[in-house]
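Take a look at the structure below.
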Amino acid sequence: MIAKKQLRQNTKKYWKHLSFKQRQAYQKDLMAQLLALPEWQEAKVIAITLPIGGEIDTQPIIDAAKSSNKVIVIPKTLPGKQMVFGILTDKKALKKSAYGILEPGEDAQWVAKETIDLLVVPGLRFARNGQRLGHGGGYYDRYLVDFTGQTVSLAFPEMFVDEPDWEVTTYDLPVNKVLVAKEDEIK
Ligand SMILES: Nc1nc2c(c(=O)[nH]1)N(C=O)[C@@H](CNc1ccc(C(=O)N[C@@H](CCC(=O)O)C(=O)O)cc1)CN2
Ligand SMILES: Nc1ncnc2c1ncn2[C@@H]1O[C@H](COP(=O)(O)OP(=O)(O)OP(=O)(O)O)[C@@H](O)[C@H]1O
C-alpha cells in the first residue's frame with residue numbers, strides 16, 4: 001500500500017508535466033467515451049465539477065450537455081463535509097469557495113439528490129473496481145452513501161490502476177464506471 005498523500009502528490013505532479021497536446025487528446029477521448037454511454041444519453045440531470053488544479057477541463061462536456069438540453073448541476077461544499085448541487089446557469093452567478101473552486105451562488109436553484117441521474121465523480125486516482133482516491137475531504141464518499149443514480153469517473157491513463165494501491169476503507173464507495181483515456185503516440 002502506498003500512502004494516499006504520496007499518491008495525491010504523484011497525480012498533481014503528473015498533471016503538471018502533462019503536455020497541452022497530450023491533455024487535449026485525453027480530454028477529447030474521454031468526452032467521446034462519456035457521450036457514448038447510455039447513462040449519459042438517458043440522463044436529464046448531470047452533476048459535474050468545475051476543475052481545480054490539473055483536473056480534466058469539464059467545459060466541453062458541459063457545453064455538450066447543454067446542447068442536448070440536459071441540466072448541469074455543480075456542487076457547493078457545506079460545513080460537515082456535505083455537498084449540495086445547484087443548477088449551473090450563468091458563469092457570472094458563481095462564487096469562489098475556500099478551496100478556490102467555483103460554486104453556485106446564494107440564489108442558485110438547488111436540486112434534490114434523487115433528481116440527479118448521472119454523477120461525474122472527480123478524483124486523483126482510480127482502480128478498475130471503481131475505487132477512487134479524491135482530494136481527501138470525503139465529500140463524495142458522504143454524498144454517495146444514499147445516492148441511487150449512475151456514477152462515472154474520468155481518468156487519464158496514469159491515474160488508473162488495476163487494483164487500488166492505497167488503503168480502501170468501508171467509507172470508500174466505488175463508482176459504477178471508470179472511463180480511461182486511450183493512450184496514443186502524442187507526447
Ligand atoms: N473540481 C472539484 N470540485 C470539487 C471537488 C473535487 O474533487 N474537484 N470535491 C471533491 O471532494 C469537493 C471539494 N473538495 C475538496 C477537498 C479538498 C481540496 C483540497 O484542495 N485539499 C488540499 C489538501 C487537503 C489536505 O490534505 O488537507 C489539497 O488537495 O491540496 C479541494 C477540494 C467539491 N468540489
Ligand atoms: N460516509 C462517511 N461518513 C463519515 N466520514 C467519512 C465518510 N466518508 C469518508 N469519511 C471520512 O472522510 C475523510 C476523507 O476520506 P477520503 O480520504 O476517502 O476522501 P476522498 O475520497 O479522497 O475525498 P473526496 O470524496 O472529497 O473526493 C476520512 O477521514 C474518512 O474517514
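Positions of Cβ are set from backbone N, Cα and C atoms, glycine also.
Database features, via TrEMBL:
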type: BINDING; residues: Lys4, Lys5, Gln6, Leu7, Arg8, Arg132, Leu133, Gly134, His135, Gly136, Gly137, Gly138, Tyr139, Tyr140; note: ATP binding site
type: BINDING; residues: Leu50, Glu55; note: substrate binding site
* Structure fact -> Rounded Cα distance, in Å, between Gly137 (ATP binding site) and Leu50 (substrate binding site) is 16
* Which binding-site residues among Gln6, Leu50, Glu55, Gly137 have CB under 6 Å of ligand 2? -> Gly137
* To do: List the Cα distance (Å, whole number) between Lys4 (ATP binding site) and Glu55 (substrate binding site).
  => 17
* Of the binding-site residues Lys4, Gln6, Glu55, His135, Gly137, which ones put their CB under 6 Å from ligand 1? -> Glu55, His135, Gly137
* To do: State the three-class DSSP label for Gly137 (ATP binding site), counting H, G and I as helix, E and B as strand, and everything else as coil.
  => coil
* Could you tally the C-beta atoms, other than its own, that fall within 10 angstroms of the C-beta of Gly137 (ATP binding site)? => 12
* Mind giving me a neighbour count for His135 (ATP binding site)? Other Cβ atoms within 10 Å of its Cβ, every protein chain shown. => 17
* To do: Starting from each candidate's C-beta and looking 10 angstroms out, tell me which of the binding-site residues Lys4, Arg8 has the most other C-beta atoms.
  => Arg8
* To do: Between Arg8 (ATP binding site) and Glu55 (substrate binding site), find the distance joining the two CA atoms and give it rounded to the nearest Å.
  => 12
